[in-house]
Each structure stands twice: as structure tokens, then as C-alpha cells.
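These features come from Swiss-Prot:
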type     : residues                       : note
BINDING  : Cys182, Cys185, Cys206, Cys209 : Zn(2+) 1 binding site
BINDING  : Cys198, Cys201, Cys228, Cys231 : Zn(2+) 2 binding site
COMPBIAS : 274-289                        : compositional bias 'Basic residues'
DOMAIN   : 22-153                         : domain 'VHS'
REGION   : 238-293                        : region 'Disordered'
REGION   : 307-350                        : region 'Disordered'
REGION   : 365-407                        : region 'Disordered'
REGION   : 543-624                        : region 'Disordered'
REGION   : 641-669                        : region 'Disordered'
REGION   : 723-798                        : region 'Disordered'
REGION   : 850-892                        : region 'Disordered'
Amino acid sequence: MSALWSAWGADAFTEQVEKATSEMLPVGSEDIALNLEICDQVRAKQVPAKQAMQVLKRRLSHKNPNVVLLALGLTDICIKNGGDHFLQQVASREFMDNLLSVLRNPAGVNNDVKNKALGLIQNWSQIAQAKPAHMSYITDIYQQLKSDDQFDFPPLDPNAAAVAAALVETLTAPEWVDGDVCMRCRTAFTTFNRKHHCRNCGNVFCQQCSSHNMALSWFGIGQDVRVCDGCYARKGPPKNALKLSRSKSASSSSPSTSSSKHVPSGRGASSSSSHHRSATLGAKSKRSARQKEEDDIALAIKLSLEASAETAPQRSRPTSFATPSQPSAATLSAHKPPNGRVLEGTDADNDPDLAAAIAASLRDWAPPQPSAPFGLNDTAGPAPTSATDASQSANSHLPLPPSLDLAPQDVDNILTFSQTVQAQQAHNQRTGMVGAPLPASVQAMYEKASSARPRMARNLEEGHRRHNVLVSMHDKLTEAVHLYDRLLDAQMTRPAQAYAPHGYAQATYPAASHQGYGYGYQPSIPLHESAYAAQQAGPSSLYLQTPQSHAGPLSDYSGTPAPWLPQQQQQLQPQPQTQPPQYEQPPYQPTQQPYAPHAAQPQYARDQPPPQHSAQQQQQQQQQQQQQQQQQQQQKQQQKQQQKQQQQQHLNPQYQQYASPNPVSNHANAVYADPNQALSPTSTVANTAQYAAYDYSGATIDHASHTQANSVAHTTAPAYAQTNGAASMSSAEPLASQPPDTLSVRTQGIMGGAPSNVSTVVPADKSQVINDGKGNESISTSHLPEDASISSRNGWSAVPTPALTEGALERTATGTDVQHQRQQQSYHQQQAPVKADTSYLPLFPVAPHPDNGFGPDRNAAEATSPMASPYTNAPSSAGMWQNPAGTGVTSASANANANANANADAAATESPLIEF
């Protein structure tokens, strides 16, 4: 009854052991079939060897002598048929000390139990002599009991030792070999392409290469388990199975032996048994595949972190491929309690011991860390005093990677098999025996050569990994070298102008094409200063002024010539600026002046060119300036000659009386000559009388003032606004504020299209006529009377001051006015020119235009549009008093007198074109 209660809740293996050693069995009767089945489970590693040893140890401590006798017999059968891994557990201190305590029981021991136990210990000691690495502790117990007089051993059989050694030679399932790729098709393992181990050879394969199942009776495995394609075709154990089991048992016995000498009883062989694959006949797992996969990954990560934390200071590579896992992982897994197992043939989904073994194997075969960081981390001690000591210390800290060469024996086996197969194939071809079976020796050579395949695969993978590491390091080094070369090139090619001389900030100069001359270094003038340069001279700035009159902020700087200053002024003032021929001056030649730096004006000092370039640049600039001036003068003379030829060819004899009186002209549009000769159609000789320039020193410019760069206030012309045909000024100052003796001339379209209101002082006798009129309001807009409308398109427009009256409407002739306009034209052509007093007014030449009636296209132009007639509002460059909207420009008084006489309307149809 106690046996039933003790077996409650036990696993299947414990139940089978209790059934084989039951109290109900008669004395001397054993269930051999059940004992062999239990032995096969131990041999096939379906049950851990340590767990089987503990179950038998409990049965040996039973009070019933019959149970103890049956347990001793079952233990002897398992030792002879269980394999070397079970021998290690039986020879441990935990099992042998318990058996010794049974023999030395103070209460006494049964004689049958005592005699059978002493006989088994004597036989096991003889087996231990053949396997000293596995069963050395049994030999010690035998010698201890033999020296004691209380125990009498039976006589020793001389042949028993050889027989026992032969009986314990048992084939067992090989240890599993781990890898990242399939050892048959070389396919990498992933989350979905899982790895599978062959139970016959222990290698790792993919699903396609290990899809067969069969029973392995030579290993004591009666169930169908997974095998690879090669083992399934062989239908037998591998040829090196016994050798592998011996070598692995020998290599794994060393930690157990060492631990048996220093570890207390019961913990001797725990390090080696934790790595063995085990399974039971229990129920299948109920968890899903996804849950099992997540648990496996979590367990592997946990074990890897723990192992890396413990073995970080002394991490090193194994010296041989047959070295087992690290003892640290084995110790961790040894303390785990036994749990339920799964059937043989699954991939250890619920086996934590196997998962720990796999994690340890992965850690063993992990790629080594880079040598440089590893060596730097380890050099925490004092630095060596000499270079030799430093190299020795570095070599001692850096572990050498294992060699990738195969063992000489493996190389010999592979070459022997290859040469034998080639010779056999050549012999078959010569004799014509194609397809003849190979001899047995060739099959043995194939098995020997195949044993080196896993090691060769691992070496190949390690070689590829090292090659990839070296390639990546080479790429990084190449990239670093390229970056370093770029930095050196950038430093060598950096321009010298990037550094500011004398500690001042480097000024930014515009391109040479902006200045008109191809000099590489020319200080630029701000636009607001250049624009103000033409207005600084006062009302006489309508003509080209000499540069000496300009007193700008750049007058202090004269270190380098600036031939581009007039060109900038001409670009800002696109209207023609000409003088009479007798007053035409040569181009401005700036003189070289010594440059004296001003301490109070550092903003001009930074515009100074570098000292090493100033002297050469000045000489080059002077030479280039002289050459360019000569070229410009030649081009101007050629253009003038071409223009004169064109004018003489296309001049219609009908309009000879309106031609320019002076045939020699230095201007593209017209010439400045005597206005008296301009009114005479027969005069062809220009008067050489000297006329004063249009300059009134007392003239004022009514502009809105603003601050210039040199803190000098100047004015800006106010804008005109035309609304409903009336001219009005947007200036804040009323017209009534102007002095009574001023003449206001509207110059819209001049100075680059900017409107301007220039007030000039008029002599008293001339201004009296104006003051007697409508007052200051009439001065805002000036109109010409009918008698002053006779003008020439290529001559001069005489505008007498007394004729300035309150202007009539200026409008475009449309509709019925076209006929009246043509009549006026024919009338004016027949009239003799009227000479007026124009000694005090400026003279405005009319520029020729291809559409204003001159040239061979006059008839076509008048036929196309009457507005293109020379006596109508033809296009001009200045466009003064033009009305594009078609409405006349009138003053306030002209708007009041809307019904003017017909003569005023007729005169308004022709607007005199005045161009500066």
C-alpha cells in the first residue's frame, strides 16, 4: 500500500522502476523485459541519467530487502546497457555513498543484500579499471571496503574483467552539433526555416533534408524519430558512433572528475548531465507553436545575458572543436528541477536543459570581438616600461583565433577516399564494368571522410565571416583615407583672399562684368551713392558734369583708378547727356594720388586691395584703361560716320529745310548749334558764337530729402499723378510756396523715367509776362500757343517765354480732326519760320525716329496711322507732354475754361517733342 501512495503523482519512468522493483514480485524473480525497456530509455537519453540514478538510489534505501535486491539487479543491467553517460552518474559520490551507507547500516543489513552488493561493487571496480575516467570513484570505494575486515568479497574471476569491459561497450546516441546553416544544402536558418537534428548522426539539417523518420534500434530507440536523408538511406548507425561516444564521454568526464574531488557528495556529475538531450513518453505539449517559439527566444536571450555577464572578463575562444559547453551554463541548468519530458523526435520545445545547451553552444561559436577594443578594455593595469613588455602584455591579453585548417588525419581520410574513388572509376571505365558495386573498403573510407564534413563546414563559415570582417574594415579605412584627402585638398586650394589683411573683415566685391572693365579687383560703390552722384551738382546736372564737382564720401579714396564711375552713372541715368561740341570734354582721366589711410574711417581701409597686388594691378589697370579708351573713341568715330552717311542718304529734299544746320555732329541724335540758324532753312554754316550752358546758380530742386551714406541730405523728385486729364503734384509742399520769379518746367520721362519738377529763376522782364497771368497756378503746367507750334523734327524747337500762356488742352487727334490736322500741316509747311527770342531758354533737340516721318518709310507710316506723321504726336525717346490715355494735360484753370477757342484746340493737337 505504501508503494501505491509513494507512486502517486510520479512520472512514467518512476512508475516503471517501481513496477520492476515491486514488493509484490516473488523472491528471485525479475521482469527482464521491463528491465530492458527501462535500460533502453536510459540508453536512448529519453530520461536524464541523473534522474534515473536518483530513482534507483531511492529504491536502494527501501526497508524491504527484496526491493533492494531487485534495485541492485536493475542497476547492474543499466550499467551494462545504459551507456557511458549513466556510468558517470553511478560512479558519482551521490550514488556510491548512499550504497556504502546501506552496507554500514548500524541496525544491520540483510546478508543477501550485503553479499550481492559486495559482488556488484567488485565487478564494477573491474569495469572501472577499463574506464578509469568514468568510474574512478568506484575503485576508491572498492579499496576502502576491501581494507575493512567487516566485509568479505567473493573470489575474483580473472576473465570477469574482460567480459565486463566488453559488456559495457554500448552504442549511444551522439551529441548534437549546432550550426547556423544546414549541413547538407547550406541553407541558413531563420525564424521560419527552423533547424532539426538527426538522432542518428547528431548533425543539424533543415526540414527538407531531415523529413524522414525511423526507429534506431542500435541506440535503443524503438520509436520513429527524425533522421537525415543520409542516415535514412544507410539504415544503420554511423561508423564512428562508438568513437564519438567514447571521445565525448572522455572529454565530458574531466569536469565531473574534478568536481568529484572538490565538491561535496551529491553534486559530482551535475555539470555534464545537464547538456544531454532527454525525453519521456509523457503527453504532448498543449502550447501553440508561436508560444513555444517565444519562450525559446526569451530563454535563449536570458541565458545569453547571464553567461555574458559572468564570463565577460575571461572570454576566450575554445582550442578545439570537440570542447563541450561552458561549465557556467551547465551549473545554471543543473539546479533546475526535473520536469516532464516530451517524446523523442521533437526539437526540445519544452526542454530547458537542452535549450541551455544550445545557448551555450551558440555562445561558444560566437564570432570574437574586435581585437583593438578588447585589448584596450583589458589594459587596465600599469603601462609597461618598454616596447617589449608592451607587446608581451598585449599578446597575453589578446587570444589567438583558432586555426581553420583541418586535422592531418581528416585531410588524409578525404584524400584517400578521393583517390580511391577516382581509381575505381577509371578501372570500371577501362574494363567496361559501369555501375559495378564498390568494395566495402570504399564505403569505410567514405564514412571516415564524412566525419570531417561538419568541421569543414564550420571552418568554411568561420573563414567567410573573417573575410567579411576584413572587407568591411578595408572599406572603412578607404573611406577614412578619402575624407582625409579631401580635407588636405580643401586646405591647399583655399584662396588667399579668404583671409582679411590687417585684421579687417574682407569686403565682398561684385563681379568684374558689373563694372564695365575686366579688372579682377575694383571696389564697388553703393548704389545709393552712385545714384546721388548725378544730383549733387544742382540744377546744372542735366549736362555731363566734371568729376571734380562731386564731393562724395569716396573722394578720400584715390589709391586706384576708377574708370567705371562714369559708366555706372550712365547706367543709372539712361537718358542722353550731351553738350554742344565746343563744350565737349575728353573722358575723365583720374590721377593717381597717394593713399593715406584714415584712422577715423576704417570702413574705407578695408576696401584697399592687398599690398602685394596693388602695384601690379595699378599698372595693368592703367594700360588696359588706355587701350579701352582708344578702342571706344575709334568705335564712336565709326558710328558717327555711319550715322552721317545714313542721314545724307535717306534725307528727303522736301525736308531739307528742317535738317540740322551743322552737318558735323558728335551726338547720335542731333547737334547743339546756333538756334538762329536752326530757324533758317537756307543757312548751312554753323554759327561759332559761344552760348552759355543752361545753368542757373540760384535754381532750387524741390525734392523730398533723405539721408545719404555720408550724412548729407539730398532730395528725391516727387512723383506726378495724372487724374482725369489734369496734372497734379504729389508733393506735400503747395505750389503757392514757390517764389514768384521761378519758371516750372515739367520733365516727366527724363532721368530714367523718374518725374522731376525743376524750378529755375527767370529774369524779371521775362517773368513779368507770366506773373501777369493766372499767378503761380499757371506755372505748374506750361503749354505752347499756336504760333509756337511750328517746329522741325530734326532742328530746334523755339519756345519763346512770352508765348507761355495758360495752356490749351493737349489731346490726340481722332475722328474728324484728322482732316483738320492735315490742313494745318500743309499750312505750316508753307509758312516761313518765325524767329523768337530764345536767348535765355534751354534748347531741346528733337531726336530722329524711324517712325516719325524721316526716311523712305514716311509715306507708309502716314498711310498706316495719321498719328505717325511728323506733325502729330509721333514717338520720341523723351516723350514729354505725351498723353497715352488720349486726354490732354491741363491745369486747374484750364479745367475751369473747358470751352476754349478753336485755335487753341488746333494748336494742342501738335505737342512739341522735347528731348534732353
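Backbone N, Cα and C define each Cβ position, glycine as well.
Taking the features listed in Swiss-Prot, we show where each one sits on the structure.
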residue	record	DSSP class
Cys182	Zn(2+) 1 binding site	coil
Cys198	Zn(2+) 2 binding site	coil
Cys206	Zn(2+) 1 binding site	coil
Cys228	Zn(2+) 2 binding site	coil
Problem set entry | Winner by Cβ contact number (other Cβ atoms within 10 Å) across the binding-site residues Cys182, Cys198 | Cys198
Exercise. Which chain-mates of Cys201 (Zn(2+) 2 binding site) that are at least 6 residues away have a CB under 8 A from its CB, listed by sequence?
Worked result: Pro174, Cys228, Gly230, Cys231, Pro238
Exercise. Cα of Cys206 (Zn(2+) 1 binding site) to Cα of Cys198 (Zn(2+) 2 binding site): how many Å, rounded?
Worked result: 10
Exercise. Which residue, of the binding-site residues Cys185, Cys209, Cys228, Cys231, has its CB surrounded by the fewest other CB atoms within 10 A?
Worked result: Cys185
For this session: Express the predicted model's confidence over the domain 'VHS' (22-153) as a mean pLDDT, rounded to an integer.
Result: 86
Exercise. Which residues, same chain and not among Cys182, Cys185, Cys206, Cys209, have a CB within 8 angstroms of the centroid of the CB atoms at the recorded Zn(2+) 1 site?
Worked result: Val181, Met183, Arg184, Arg186, Thr187, Phe205, Gln207, Gln208, Ser210
For this session: Tell me the Cβ neighbour count for Cys206 (Zn(2+) 1 binding site), meaning other Cβ atoms within 10 Å of its Cβ, over all protein chains shown.
Result: 21
Seminar exercise, completed: Checked against DSSP, the composition of the domain 'VHS' (22-153) is 91 helix, 0 strand, 41 coil
Seminar exercise, completed: Taking only the CA atoms, the spacing between Cys209 (Zn(2+) 1 binding site) and Cys198 (Zn(2+) 2 binding site), expressed in whole angstrom, is 10
Exercise. How long is the line from the C-alpha of Cys182 (Zn(2+) 1 binding site) to the C-alpha of Cys198 (Zn(2+) 2 binding site), rounded to the nearest angstrom?
Worked result: 11
Problem set entry | Cys198, Cys201, Cys228, Cys231 excluded, remaining Cβ within 8 Å of their centroid (Zn(2+) 2) | Arg199, Asn200, Gly202, Asn203, Phe205, Ser210, Val227, Asp229, Gly230, Tyr232, Pro238
For this session: For Cys185 (Zn(2+) 1 binding site) and Cys198 (Zn(2+) 2 binding site), determine the Cα separation and express it in whole Å.
Result: 15
